[in-house]
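TrEMBL has this to say about the protein:
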type     : residues : note
TRANSMEM : 12-30    : transmembrane segment
TRANSMEM : 50-71    : transmembrane segment
TRANSMEM : 135-153  : transmembrane segment
TRANSMEM : 159-182  : transmembrane segment
TRANSMEM : 234-260  : transmembrane segment
TRANSMEM : 266-287  : transmembrane segment
TRANSMEM : 322-340  : transmembrane segment
(Lines of atoms letter the chains of each structure in order from A and count residues from 1; the text may use other names and numbers.)
(Lines give C-alpha, C1' and ligand atoms only; values in the text may rest on other atoms or scores of the structure.)
Protein backbone atom coordinates (compact mmCIF):
# COMPACT_ATOMS: atom_id res chain seq x y z
CA UNK A 1 0.00 0.00 0.00
CA UNK A 2 2.87 2.37 0.83
CA UNK A 3 4.53 1.70 -2.54
CA UNK A 4 1.21 2.37 -4.30
CA UNK A 5 0.86 5.72 -2.52
CA UNK A 6 4.43 6.65 -3.44
CA UNK A 7 3.77 5.68 -7.06
CA UNK A 8 0.56 7.73 -7.21
CA UNK A 9 2.26 10.71 -5.56
CA UNK A 10 5.13 10.65 -8.05
CA UNK A 11 3.14 9.98 -11.21
CA UNK A 12 -0.26 11.57 -10.47
CA UNK A 13 0.11 14.10 -13.28
CA UNK A 14 0.95 11.41 -15.83
CA UNK A 15 -2.04 9.35 -14.70
CA UNK A 16 -4.31 12.41 -14.92
CA UNK A 17 -3.01 13.24 -18.40
CA UNK A 18 -3.57 9.70 -19.66
CA UNK A 19 -7.08 9.69 -18.19
CA UNK A 20 -8.02 12.96 -19.92
CA UNK A 21 -6.51 12.06 -23.30
CA UNK A 22 -7.96 8.55 -23.24
CA UNK A 23 -11.40 9.94 -22.38
CA UNK A 24 -11.23 12.25 -25.41
CA UNK A 25 -10.18 9.34 -27.62
CA UNK A 26 -13.00 7.12 -26.34
CA UNK A 27 -15.55 9.88 -26.98
CA UNK A 28 -14.43 10.04 -30.61
CA UNK A 29 -14.37 6.25 -30.84
CA UNK A 30 -17.71 5.26 -29.35
CA UNK A 31 -19.58 8.22 -30.80
CA UNK A 32 -19.81 6.27 -34.05
CA UNK A 33 -18.91 2.67 -33.19
CA UNK A 34 -19.97 0.26 -30.48
CA UNK A 35 -17.36 -1.54 -28.33
CA UNK A 36 -18.39 -4.85 -29.88
CA UNK A 37 -17.85 -3.59 -33.42
CA UNK A 38 -14.45 -2.18 -32.55
CA UNK A 39 -13.35 -5.41 -30.84
CA UNK A 40 -14.49 -7.44 -33.86
CA UNK A 41 -12.44 -5.25 -36.19
CA UNK A 42 -9.38 -5.43 -33.94
CA UNK A 43 -9.39 -9.23 -34.15
CA UNK A 44 -9.15 -9.01 -37.94
CA UNK A 45 -6.02 -6.86 -37.97
CA UNK A 46 -2.96 -8.29 -39.75
CA UNK A 47 -0.19 -8.73 -37.12
CA UNK A 48 2.60 -8.33 -39.69
CA UNK A 49 1.45 -4.83 -40.63
CA UNK A 50 0.98 -3.93 -36.97
CA UNK A 51 4.56 -5.02 -36.33
CA UNK A 52 5.70 -2.85 -39.24
CA UNK A 53 3.79 0.07 -37.70
CA UNK A 54 5.68 -0.39 -34.45
CA UNK A 55 8.92 -0.68 -36.40
CA UNK A 56 8.37 2.74 -38.01
CA UNK A 57 7.77 4.29 -34.59
CA UNK A 58 10.89 2.71 -33.05
CA UNK A 59 13.00 3.64 -36.09
CA UNK A 60 11.89 7.27 -35.74
CA UNK A 61 12.95 7.22 -32.06
CA UNK A 62 16.36 5.76 -32.95
CA UNK A 63 16.89 8.50 -35.53
CA UNK A 64 15.84 11.09 -32.95
CA UNK A 65 18.62 9.82 -30.69
CA UNK A 66 21.08 9.87 -33.59
CA UNK A 67 20.36 13.55 -34.22
CA UNK A 68 21.00 14.41 -30.57
CA UNK A 69 24.17 12.33 -30.58
CA UNK A 70 25.65 14.19 -33.57
CA UNK A 71 24.82 17.56 -32.00
CA UNK A 72 25.91 16.48 -28.52
CA UNK A 73 29.38 15.31 -29.48
CA UNK A 74 29.97 18.66 -31.22
CA UNK A 75 30.12 20.35 -27.80
CA UNK A 76 30.96 17.29 -25.71
CA UNK A 77 33.27 14.86 -27.64
CA UNK A 78 32.74 12.03 -25.15
CA UNK A 79 28.96 12.11 -25.53
CA UNK A 80 27.52 8.62 -26.17
CA UNK A 81 24.58 7.44 -28.25
CA UNK A 82 22.88 5.86 -25.24
CA UNK A 83 22.84 9.24 -23.51
CA UNK A 84 21.44 10.84 -26.66
CA UNK A 85 18.73 8.19 -26.94
CA UNK A 86 17.70 8.94 -23.35
CA UNK A 87 17.53 12.65 -24.19
CA UNK A 88 15.40 12.00 -27.27
CA UNK A 89 13.01 9.58 -25.56
CA UNK A 90 12.67 11.81 -22.48
CA UNK A 91 11.65 14.67 -24.76
CA UNK A 92 9.03 12.48 -26.44
CA UNK A 93 7.75 11.11 -23.12
CA UNK A 94 7.51 14.35 -21.14
CA UNK A 95 6.35 16.24 -24.22
CA UNK A 96 3.49 13.75 -24.64
CA UNK A 97 2.12 14.27 -21.13
CA UNK A 98 2.36 18.07 -20.90
CA UNK A 99 0.42 20.84 -22.69
CA UNK A 100 2.10 22.12 -25.89
CA UNK A 101 4.89 19.58 -25.24
CA UNK A 102 6.24 22.12 -22.75
CA UNK A 103 7.68 19.51 -20.40
CA UNK A 104 10.01 17.99 -22.99
CA UNK A 105 12.89 20.52 -23.27
CA UNK A 106 13.25 21.22 -19.50
CA UNK A 107 13.50 17.51 -18.71
CA UNK A 108 15.94 16.98 -21.57
CA UNK A 109 18.15 19.75 -20.16
CA UNK A 110 17.74 18.20 -16.68
CA UNK A 111 19.00 14.80 -17.85
CA UNK A 112 21.83 16.30 -19.91
CA UNK A 113 22.92 18.38 -16.92
CA UNK A 114 22.95 15.32 -14.65
CA UNK A 115 24.95 13.41 -17.25
CA UNK A 116 27.68 16.05 -17.09
CA UNK A 117 26.82 18.61 -19.77
CA UNK A 118 26.67 22.32 -18.96
CA UNK A 119 23.13 23.83 -18.97
CA UNK A 120 24.06 26.38 -21.62
CA UNK A 121 25.46 23.66 -23.89
CA UNK A 122 22.45 21.39 -23.39
CA UNK A 123 20.05 24.27 -24.10
CA UNK A 124 22.01 25.05 -27.27
CA UNK A 125 21.72 21.43 -28.41
CA UNK A 126 17.99 21.31 -27.67
CA UNK A 127 17.46 24.57 -29.54
CA UNK A 128 19.60 23.47 -32.51
CA UNK A 129 17.69 20.18 -32.73
CA UNK A 130 14.36 22.01 -32.44
CA UNK A 131 15.25 24.48 -35.18
CA UNK A 132 16.56 21.82 -37.58
CA UNK A 133 13.49 19.66 -36.95
CA UNK A 134 10.97 22.50 -37.36
CA UNK A 135 12.66 23.91 -40.48
CA UNK A 136 12.92 20.45 -42.05
CA UNK A 137 9.34 19.67 -41.06
CA UNK A 138 8.20 22.97 -42.58
CA UNK A 139 9.99 22.32 -45.89
CA UNK A 140 8.79 18.70 -45.89
CA UNK A 141 5.20 19.82 -45.26
CA UNK A 142 5.47 22.53 -47.91
CA UNK A 143 6.67 19.94 -50.43
CA UNK A 144 3.72 17.72 -49.61
CA UNK A 145 1.34 20.66 -49.88
CA UNK A 146 2.64 21.54 -53.35
CA UNK A 147 2.27 17.96 -54.58
CA UNK A 148 -0.82 16.75 -52.72
CA UNK A 149 -2.95 19.87 -52.19
CA UNK A 150 -4.89 19.47 -55.48
CA UNK A 151 -6.04 16.03 -54.29
CA UNK A 152 -7.03 17.04 -50.74
CA UNK A 153 -8.59 20.41 -51.50
CA UNK A 154 -11.71 18.74 -52.93
CA UNK A 155 -11.80 16.08 -50.22
CA UNK A 156 -11.33 18.02 -46.96
CA UNK A 157 -13.56 20.91 -45.92
CA UNK A 158 -11.82 24.23 -45.14
CA UNK A 159 -8.44 22.75 -46.08
CA UNK A 160 -6.91 26.11 -46.97
CA UNK A 161 -7.74 27.48 -43.51
CA UNK A 162 -6.12 24.43 -41.88
CA UNK A 163 -3.07 24.68 -44.14
CA UNK A 164 -2.48 28.40 -43.63
CA UNK A 165 -2.94 28.07 -39.86
CA UNK A 166 -0.48 25.19 -39.65
CA UNK A 167 2.15 26.91 -41.76
CA UNK A 168 1.83 30.27 -39.97
CA UNK A 169 2.08 28.77 -36.47
CA UNK A 170 5.16 26.77 -37.45
CA UNK A 171 6.80 29.85 -39.00
CA UNK A 172 6.12 31.89 -35.84
CA UNK A 173 7.58 29.13 -33.68
CA UNK A 174 10.76 28.95 -35.78
CA UNK A 175 11.15 32.74 -35.72
CA UNK A 176 10.64 32.77 -31.93
CA UNK A 177 13.38 30.19 -31.33
CA UNK A 178 15.76 32.05 -33.67
CA UNK A 179 15.11 35.35 -31.90
CA UNK A 180 15.93 33.81 -28.52
CA UNK A 181 19.02 32.20 -30.05
CA UNK A 182 20.52 35.25 -31.73
CA UNK A 183 18.67 38.32 -30.40
CA UNK A 184 18.33 37.58 -26.71
CA UNK A 185 17.86 41.25 -25.75
CA UNK A 186 14.52 41.29 -27.54
CA UNK A 187 13.01 39.20 -24.73
CA UNK A 188 14.47 41.33 -21.91
CA UNK A 189 11.43 43.56 -21.42
CA UNK A 190 8.83 40.77 -21.67
CA UNK A 191 10.90 38.67 -19.26
CA UNK A 192 11.11 41.54 -16.75
CA UNK A 193 7.35 42.11 -16.97
CA UNK A 194 6.57 38.42 -16.44
CA UNK A 195 8.91 38.16 -13.44
CA UNK A 196 7.37 41.26 -11.84
CA UNK A 197 3.92 39.76 -12.29
CA UNK A 198 5.07 36.47 -10.75
CA UNK A 199 6.60 38.40 -7.85
CA UNK A 200 3.27 40.13 -7.17
CA UNK A 201 1.51 36.78 -6.85
CA UNK A 202 4.40 35.49 -4.66
CA UNK A 203 5.62 32.87 -7.11
CA UNK A 204 9.03 34.53 -7.57
CA UNK A 205 10.70 35.91 -4.43
CA UNK A 206 13.54 37.92 -5.97
CA UNK A 207 12.70 38.98 -9.57
CA UNK A 208 16.01 40.81 -10.09
CA UNK A 209 18.12 37.83 -9.07
CA UNK A 210 15.92 35.48 -11.10
CA UNK A 211 16.21 37.80 -14.10
CA UNK A 212 20.00 37.88 -13.73
CA UNK A 213 20.16 34.09 -13.53
CA UNK A 214 17.96 33.58 -16.61
CA UNK A 215 19.87 36.18 -18.65
CA UNK A 216 23.14 34.49 -17.65
CA UNK A 217 21.84 31.12 -18.85
CA UNK A 218 20.63 32.68 -22.11
CA UNK A 219 24.08 34.17 -22.69
CA UNK A 220 25.76 30.83 -22.02
CA UNK A 221 23.24 29.22 -24.32
CA UNK A 222 23.87 31.74 -27.12
CA UNK A 223 27.63 31.25 -26.84
CA UNK A 224 27.19 27.51 -27.24
CA UNK A 225 24.73 28.02 -30.08
CA UNK A 226 27.16 30.32 -31.90
CA UNK A 227 29.83 27.61 -31.71
CA UNK A 228 27.42 25.07 -33.20
CA UNK A 229 26.07 27.59 -35.69
CA UNK A 230 29.35 27.66 -37.65
CA UNK A 231 29.22 23.94 -38.42
CA UNK A 232 26.77 23.96 -41.34
CA UNK A 233 27.84 20.48 -42.47
CA UNK A 234 26.57 19.18 -39.14
CA UNK A 235 23.21 20.90 -39.63
CA UNK A 236 22.89 19.43 -43.13
CA UNK A 237 23.55 15.91 -41.80
CA UNK A 238 21.01 16.41 -38.97
CA UNK A 239 18.47 17.71 -41.51
CA UNK A 240 19.02 14.60 -43.68
CA UNK A 241 18.47 12.40 -40.62
CA UNK A 242 15.33 14.40 -39.83
CA UNK A 243 14.03 13.87 -43.37
CA UNK A 244 14.55 10.12 -42.95
CA UNK A 245 12.82 10.32 -39.56
CA UNK A 246 9.82 12.16 -41.06
CA UNK A 247 9.57 9.78 -44.02
CA UNK A 248 9.71 6.66 -41.84
CA UNK A 249 7.43 8.20 -39.20
CA UNK A 250 4.85 9.03 -41.88
CA UNK A 251 4.56 5.38 -42.90
CA UNK A 252 2.65 4.33 -39.77
CA UNK A 253 -0.74 5.42 -41.14
CA UNK A 254 -0.20 3.42 -44.34
CA UNK A 255 0.86 0.34 -42.33
CA UNK A 256 -2.33 0.61 -40.25
CA UNK A 257 -4.30 0.99 -43.50
CA UNK A 258 -2.84 -2.31 -44.74
CA UNK A 259 -3.36 -3.93 -41.33
CA UNK A 260 -7.12 -3.49 -41.83
CA UNK A 261 -6.84 -5.42 -45.10
CA UNK A 262 -7.24 -2.31 -47.24
CA UNK A 263 -5.24 -1.59 -50.39
CA UNK A 264 -5.15 0.62 -53.47
CA UNK A 265 -4.40 3.97 -51.80
CA UNK A 266 -1.34 6.00 -52.79
CA UNK A 267 1.49 5.69 -50.27
CA UNK A 268 2.58 9.29 -50.91
CA UNK A 269 -0.95 10.66 -50.42
CA UNK A 270 -1.34 8.74 -47.16
CA UNK A 271 1.96 10.12 -45.93
CA UNK A 272 0.74 13.59 -46.88
CA UNK A 273 -2.51 13.01 -44.96
CA UNK A 274 -0.55 12.08 -41.83
CA UNK A 275 1.69 15.15 -42.09
CA UNK A 276 -1.29 17.45 -42.78
CA UNK A 277 -3.18 16.00 -39.81
CA UNK A 278 -0.31 16.63 -37.40
CA UNK A 279 0.79 19.99 -38.78
CA UNK A 280 -2.55 21.75 -38.35
CA UNK A 281 -2.87 20.71 -34.69
CA UNK A 282 0.77 20.98 -33.59
CA UNK A 283 -0.08 23.83 -31.21
CA UNK A 284 -3.29 22.48 -29.66
CA UNK A 285 -2.70 23.18 -25.93
CA UNK A 286 -3.79 19.79 -24.53
CA UNK A 287 -1.21 17.01 -23.96
CA UNK A 288 -0.67 15.00 -27.13
CA UNK A 289 -2.72 17.60 -29.04
CA UNK A 290 -5.73 15.65 -27.76
CA UNK A 291 -9.07 16.56 -29.27
CA UNK A 292 -7.51 18.35 -32.21
CA UNK A 293 -5.46 15.43 -33.47
CA UNK A 294 -8.45 13.07 -33.39
CA UNK A 295 -10.60 15.49 -35.38
CA UNK A 296 -7.76 16.21 -37.80
CA UNK A 297 -6.98 12.52 -38.35
CA UNK A 298 -10.63 11.81 -39.04
CA UNK A 299 -10.87 14.71 -41.52
CA UNK A 300 -7.78 13.79 -43.53
CA UNK A 301 -7.77 9.99 -43.29
CA UNK A 302 -11.47 9.26 -43.81
CA UNK A 303 -10.69 9.58 -47.52
CA UNK A 304 -8.70 6.33 -47.32
CA UNK A 305 -10.22 4.40 -44.40
CA UNK A 306 -13.88 5.18 -45.04
CA UNK A 307 -16.07 3.68 -42.32
CA UNK A 308 -12.97 2.21 -40.65
CA UNK A 309 -11.48 5.61 -39.85
CA UNK A 310 -12.55 5.55 -36.18
CA UNK A 311 -11.07 2.11 -35.39
CA UNK A 312 -7.98 3.16 -37.36
CA UNK A 313 -7.73 6.25 -35.16
CA UNK A 314 -7.80 4.03 -32.07
CA UNK A 315 -5.02 1.77 -33.37
CA UNK A 316 -2.94 4.76 -34.46
CA UNK A 317 -3.20 6.52 -31.10
CA UNK A 318 -2.61 3.34 -29.10
CA UNK A 319 0.55 2.46 -31.01
CA UNK A 320 2.08 5.88 -31.64
CA UNK A 321 0.94 7.99 -28.66
CA UNK A 322 0.06 5.72 -25.73
CA UNK A 323 2.61 3.13 -26.81
CA UNK A 324 5.15 5.93 -26.98
CA UNK A 325 4.31 7.04 -23.45
CA UNK A 326 4.66 3.48 -22.12
CA UNK A 327 7.90 2.86 -24.00
CA UNK A 328 9.20 6.29 -23.03
CA UNK A 329 8.40 5.71 -19.36
CA UNK A 330 10.22 2.36 -19.36
CA UNK A 331 13.22 3.70 -21.29
CA UNK A 332 13.55 6.81 -19.15
CA UNK A 333 13.39 4.68 -16.00
CA UNK A 334 15.90 2.08 -17.21
CA UNK A 335 18.30 4.43 -19.03
CA UNK A 336 18.25 6.89 -16.15
CA UNK A 337 19.57 4.16 -13.86
CA UNK A 338 22.56 3.71 -16.16
CA UNK A 339 23.37 7.30 -17.09
CA UNK A 340 21.93 9.50 -14.33
CA UNK A 341 23.28 9.48 -10.73
CA UNK A 342 20.79 8.01 -8.29
CA UNK A 343 20.57 11.15 -6.15
CA UNK A 344 19.73 13.22 -9.25
CA UNK A 345 17.03 10.79 -10.32
CA UNK A 346 15.38 11.04 -6.91
CA UNK A 347 15.15 14.84 -7.27
CA UNK A 348 13.21 14.53 -10.55
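Cβ atoms are placed via backbone N, Cα and C, with glycine included.
Cβ atoms under 8 Å from those of the transmembrane segment (234-260) belong to residues 41, 44-46, 49-50, 52-53, 56-57, 59-60, 63-64, 66-67, 70-71, 74, 128-129, 132-133, 135-137, 140, 228, 267, 270-271, 273-275, 301, 304-305, 308, 311-312, 315-316, 319-320 of the same chain, restricted to positions at least 6 beyond its ends. If one looks beyond the transmembrane segment (50-71) by at least 6 residues along the same chain, the residues whose Cβ comes under 8 Å of a Cβ in the stretch are 79-81, 83-89, 91-92, 125, 128-129, 132-133, 228, 234, 237-238, 241-242, 244-245, 248-249, 251-252, 255-256, 259, 315, 319-320, 323-324, 327.
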